[in-house]
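Only one structure is covered here, and it is reproduced in the block below.
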Amino acid sequence: PQEEEEELVDPLTTLREQCEQTEKCVKARERLELCNERVSSRSETEEQCTEELFDFLHARDHCVS
């Protein structure tokens, strides 16, 4: 009989998910989501939320490292 193959999970994905729950990441994600909502609510804007995205990714990656 064939053994059922276990689905492999990338440990980096698991670490990122855990780090996203830290206070610093949660606050950075909230700022990013607020910015996205603000940009989405306007028909013409030059705002892109790049800084907020980088802040969130930096906080998460700092935690992962």
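For all residues, glycine too, the Cβ spot is worked out from N, Cα and C.
Counting Cβ atoms from all protein chains shown, Cys63 (disulfide bond) has 16 others lying within 10 Å of its own Cβ. Per TrEMBL, disulfide bond is recorded for Cys19-Cys63 (among others).
Counting every protein chain shown, the number of other Cβ atoms lying within 10 Å of the Cβ of Cys49 (disulfide bond) is 19. If you look up TrEMBL, you'll see Cys35-Cys49 (among others) marked as disulfide bond.
What TrEMBL records for 10-65 is domain 'Ubiquinol-cytochrome C reductase hinge'.
Separation of the C-alpha atoms of Cys19 (disulfide bond) and Cys49 (disulfide bond): 21 Å, rounded to the nearest whole number. Annotation for Cys35 (disulfide bond): same-chain Cβ neighbours under 8 Å, separated by at least 6 residues, are Glu47, Cys49, Glu52. Note on Cys19 (disulfide bond): other Cβ atoms within 10 Å of its Cβ, all shown chains, come to 17.
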